Structure formats: C-alpha cells, structure tokens
C-alpha cells in the first residue's frame, strides 16, 4: 500500500485538481450506458453491493452523493428504485473506466472484494478469495487489506486489473468498484467547510496564517521511486483543462485524457439530465467555477514538493508520500478549490479512500491515593518503591517548562536534551534526571500556565530537592517530550508522534484529540497500527471534553485518536479533598464535561475513568527559573485524567519488570522484562470499579445514572487496589497469560480456583481479555476485524462479557465479573477464536480474585465509602444518589439504566440480502448490563433539564470557553502540524488522509 501525504500550507486555503495516470479517448464516454440497458449488460460483471448494503459496510460520502437516506428508502419506494438505478449506472461507468485504463496504460483499479460463503470464518473466506484471484491472474503478490469481518461476510480492499476483477464471478462473491465518493469518509465535506470557513472566522485554521494537511495511502507495493508516476498524475490533474481540446494548459504534457468532469459519474455526460443526486449539481458547479477557470494553476505549477517512505507490509499498512504547496485567496475560492482537490484525488485509480482530521485540541497527590489505596494520604505503591522507576513515558503536548523544580536537573549544565526545531530530535539520554528527550518539533518551551507542563507533572513530576506538593503519579519515571505547541497554539502533531522516546518509551500519553462524531479516522488507524507492530507499546489518550457540548450526556463525543481499538481512551471523574470542585459529588461520579461514547461503529468508549476535575500539578513560568510549589496550578479536563492512567501504567510495567508478580513481593527471579501493551491494558481494565453516575449538577442537570459498560464510564474507574497484588496492601491476587495465541476456530481454556486460605477476603472473580490487532480502514462500520470470545463457566452457568447475555461481537476488550465466589470453587475461562481473518490471533488474559494471597491490612476509611450523598456545598440537586450497592447476586433482566446509551445488540446487521432482496437492518433484542455489578442510583428529576447555556468545545463559543477552561490550561483551538523530513511545516487545523 502506498500513501501520498498532501501537506497543504496556505495563507488562505488550497485548491488541487488531480488527473488520472491513464488516458481516455472520447469514445469511452459512449460506453457508459444508462439504466435502461443496464440489466441487459450487467451479466458481464460480477455482483456488486446494493446501495442499502453499502451503508452497512463503510461510512462514506457516497450515501449523500447519491441522495440516499435510510428513512426515505423505507418510505418512498420510487426514490429507492431511482437511487439504486443511478447507483447501478455509476458502477457500470466505473467498470468502463477501469477496463479502458487497463487497455491504455496497464492501470490497476481499487475494488472492495467480499466473500459471503456460509459456515466459514473470515480467514477461510480470505484464503478462498486470494486463491480465486491467483487462479485468474497467476500472480503471487496479492494484497487484501481487511475492511470488514463479521459472521455474514469478509470484505477487503484489493487493487486489481479490471480483466481479473471482472472474472471473480461466484454467487458468494461481491466485487465492488470503488467509486470516487466511496473514497471519502462520511462527514468530510462538512468538515472541510468547517475547517476552512468557520475556523477562519475565529482566527485559526486555514485562514490567514493557517494551512491544511492531506495524506494518501496507495494500494500496491510499488517501490518508493515508483511513486513518481502517482506524483506526476496528481500534478497534471491540478492544472486547468480546455474543454474543447481536452488538453492541459501547462506545457508539461501533451497527452489527451478524460477531463475530471468525465471521470466522476455524477458530473459526466452520462448522468446529465438525471435528478436523483442533490450533490451532482454541487460538484458540477465546483468544477465549472474552479477547475475550468485555472485560478489555482500558478500554485500547482510551482508550489509542490514531494517526499515519501515505504511500508514493509502493504497488506496491512500504507506507505507515505508527502507534497507541500502554498496557496492564497479568498475563503470562498479556497473552499471551492479544496473540494475540487478532494474530488480529483478520489478520481485517481491509485486512491482507495480519503479521510479528514479536524482541529486537534488539548483536552497529584490526591490522584495518587485515589488510585493506589482509596484511603486519604495512603500510597502503598509509592512507599514500596513502585513509582515508575526505570520507565520512560513519552508525551506529546504544548511543551514542558524544564527548569521547573519538578523537572529540573541540578547535576548537569543544562536542563534537558533539547533538539533543534529544524532537524531531527535528539536521541534519548537516560543520564538526565527527568526529561531524557525533548523534541522541539513546534518550539522549545511551554507558555505561562502551559498545558504540557501540567500534564508532564501529573505523569512523572518530582521535585529535585525534596518531596513536592504535586509529585506525579509515577514520580520515579522519566519523560520523553515532543513539543507540539507553538506559543499558545497546540497541537501540531507529526505522523511519527509515537516514535517519541524510542526505543525506551513503551507508554505514550496524549492529552489532545479531534472531534469526529465518533468515526474511526486515519489517526486512530495509525495509532492502532503502531501498537500492532510494536506489541509492547500502549497509547493512552484523553477522551475529550465534549460530553456537555450542546446538552447533557452527549453521545459520540469521544475524539480521535481516543477512538482507537488498541489504546485506552480516558474519561474524567470528579476529584476529592482540596481538589473537589465546588458542588461536586466526588470521585465516584463521572464529571459533566467528560466525552461519551459509543464510537460510530458501536464500540464502547471511553475505556477507563480517572480523576480529572480538578487536578493540581506543575505550573509553567517561562520567564522564571526554578519555579516550584508556589506556582502550582489546578486544571480540569480529560487532559488531566489521561496522565493519571499513563503514570499508573508505568507503575504496573515496573511491577512486572521487577518481579512483583505473582508473589506480591519484589523477586528478581520473577522479573518479566517486556510485558505487552495489551497486558497493561487488560490489567487496568480488569480492576476498574463501578461509578455511581454522572455529576451534571453544575450544568443544572442533577445526576445521570451510569453503570459499567455504558457510554459514560466504560469499564469504570481506575483502581490499583483491585488490579494487581501487593502483599498485605491490595484487595486481590492476580493471574496473567500474556502473548497467548489461539488458532482460527480454536478455543483455549484456563481453570482458576478460588483460594482464601491466606486471608484474602475478596468476593469477586474478574477476568479480562484484550487483543491487539492491525489498524482498520477509515470510516469502518465494523472496525474490530478479528472476533475473539471470552466466556467463564461457573456453577454450571456461562457468563458472557461486558454485561451481556451473549458474546460481544463489537469490542476487542472483554471482561466478565462474577460476584459472590466462595473458597474452593473453580471457574473455567474460555477464549474462542470465533471469526478471525488470519491464521491465529494473540491476546493477553488476566484474572483477579483470591488466589492464596494475604488480606489487605491497610488501615483507614475508604474515600469512596466516605462520599456524602450531598455535593460539597449547599447547592444540592432535588434528590440524592444512593451510594448503596445492589444486593442482587444474579444478573438482572432490567433494561440499561441509560437506555439511550445501551450496550450494543448481540447480533449484527447482515450484508447478505434477505428473501425480499433487502439487507437485514433490524437487530435482535439488545442485552442490558448486569445490575449485579452496579450500584443503584436514585435519579434527580432535574437530570433531563437542558443546559441553559450549551457549551461548544471549539470555535463558536471560544471566548466563553476560554473563561471556563483556558484558565486551567486547556487548549481550545489548536492547529495541526504535518511532518516533513527535514523541516517544520506549520499546518492548518484540517488534515486529510488519502488512501492510495
């Protein structure tokens, strides 16, 4: 797979038109038939997706381009027929283009290839597809990049000659040409308008001083030097075309080619006169006003610079190319040119998808005892020396004020290894006390009260001279910093951000993200792919602060890359003690602003919760040296919660490295030097505890009920007490199985026996399965590609994960909790490879319960049991939440406490048509979380009341949001920076990923 990165650096905006690499004669137009004779000719072509089936497979702009909506298709039979007819015509048009392209220039074409054979796994379907293709083209190099893998079908992207694709004809096969609008992730057009026009109105983005960023992923394993053909084709298409002669105005080429308007069916002569697509007129007008005028030609002729890198696994991940250019002009012109650019990119047959990334925004002593012991001022892990010593945690943020006393190194002549902004970052130097690498990517410092200094202090801050009032969660760890902030603007994120601290940093903390309505984006994919290729690595990302954006408990507000599959997306709880905000309920409650799930494809988010409202940590004073406790600051946000989890992950990694497992005491003979990132994630999720609800009091909404596995809290709040074993200081013992492997269709079983003979008193058995898999295509509607099933057999009953009464088909993290287990009882854990798209899948598995360990002897009242039903001041809601847990010993049949954010259904919609010829769109009855794991909550009648002043986390309410959050270091409008091999490129707030 090849990738073209378009780094669009502009004064106002940008416009690109890209031509195809092959030529067409005008005769090719006449080959595109209309719907009247489609049925006569369609037998020449393989079966393709119906338009309704398409929506189940991938979220793209094709749904809007062809004028289709689910409600209209059900209510208006005539419209449905018209849409399907236009869709059929467009597919035939693409087949014609593909066949002509192969004939004229040996051009391959992108296809979605599906296999729906019955009683087969994804791996078996993949093998069958590959075998069929090989039998036709006699080529050993066949790369199928998985798009969708469920019980009904396996689908993948393939890049094939049309003469090969057209012969993949079997009843169980679908061969779908990838039309231009199929390559645009859903919401891309609106995002472009927002980033170019709306952002500019607020003084950022692709307005004056702004820019944009695009990336393309190329199919096929071309050599890096072979990318030149793609570059040339794109460059030529950027230039305007004389409609009469069909020649490029530039003298760089004299080859005739099909104009852009004729490469896209909805703007072609074959479509003219039809009225089924509202977008067709928009695209035609954009081409007429922008492409024909040539007003952007000067930029395209002189302003392009290219470079790239090659992937080692084209079947899993794309290569990268970059092109940088400059542009200036009015906003309306800039938007039109940019949209035509996108259309032209998608018309290139080497492109398989286009993605957009929006503006990136930045989203402790008390946190230490809340997560370690849950008893005020008691920190048993710190006292044991489990403080992150020996670990390097990487962060990408606005920078760090490294002469602050929490990072200062008195034993050197300089404060840290700061690299040049215009060159490669410095190597990691472990001799430094705290900051062992500082990559000055955007600049080389943090502004006053900067976001990054606060985040870094929460992770690993440690005074150099004495114990500090705000030492970090992992105060013994060291930091590798990527400075992504330029002044007060953050964050400019390079594509290789996760390389920060390599090879020493195995944890990356990212307190920034982009809101994408829950869609899986290229950045999510990049994070997932990195963790898949570096299985010891774990990325921990702030979920975002948009949970009250436009109302209360707003769903699908978790940002990217917190929507990744393999990382941990962290939401925020209310804090405690001096950090408890006015009128706050306390750490058993989700805070009102914390972003909510699910993802657009239905996965549970956030994954884990930690204190984030509010947090005390280091304060940046760039004009001072040696600032310390007098300059500490409070901040609130999921940006503050993510570093709590990151610091805790460093402690757990040290715990394994230094041999605390399994005895709960340090033993070098038990040292496990390289635990997988999946194991760290499994340990953290497995021990998470239930939260009582969402504290919306400050927003006038009372308390919203919440339970584990819903879209408010995910697995629950972080708890080291219930995650690992420290003899005499935690509640449970731990069993782990790391880097286990299960073959396709196979099942692994593990027996665990409850043993309370040592004094352990825990009443629960908790089991968690986590598997790390490759990144998925942007816009995926079923992003988990390999489906493992966790189940636990106990007392003759089978328990399923994540509060369900049947297997989870949606998530790649699964947990079973069984209450009331007794001494001597045995449970059987099963891990089944239900449907995977490869030969085997590795995973991490953990279990906690009483396994012959001693009792927790820590003395003190548990903070979570001390919480009053009343908030911290007299401003009380109309009724109070009950803190008493449910006494039920069995799963309840009651519906979810929050039906609008219920657990996903146990069965999936099918891509296979029903007997009526329509896809199955109705799920079966949904599963409700088991209330045996949940505390009961009394709901305030005021909870459904709308906020009087809805918050928009971003551009439109910038001044008010600065008053609310900027005083605590949050970044509201932060542009993105794209990476270039030898110099910094300041990018605008939008980012486009074009998969070629």
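Quick reminder: no glycine exception, Cβ is built from N, Cα and C everywhere.
Unlike curated entries, TrEMBL annotations are predicted automatically.
Small disclaimer: the values here were computed from a predicted structure and weren't measured.
Annotated in TrEMBL:
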type	residues	note
DOMAIN	388-691	domain 'Peptidase S8/S53'
ACT_SITE	397	active site, charge relay system
ACT_SITE	451	active site, charge relay system
ACT_SITE	639	active site, charge relay system
REGION	868-957	region 'Disordered'
COMPBIAS	869-884	compositional bias 'Polar residues'
COMPBIAS	885-910	compositional bias 'Low complexity'
COMPBIAS	920-944	compositional bias 'Low complexity'
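For residue 639 (active site, charge relay system), the number of other Cβ atoms no farther than 10 Å from its own Cβ, over all displayed protein chains, is 35. Looking just at the domain 'Peptidase S8/S53' (388-691), the mean pLDDT is 89. Within the set of active-site residues (397, 451), the lowest number of other Cβ atoms found within 10 Å of a Cβ is recorded at 397.
A Cα-Cα distance of 8 Å separates residue 451 (active site, charge relay system) from residue 639 (active site, charge relay system). Residue 397 (active site, charge relay system) sits 10 Å from residue 639 (active site, charge relay system), taking the Cα positions as reference.
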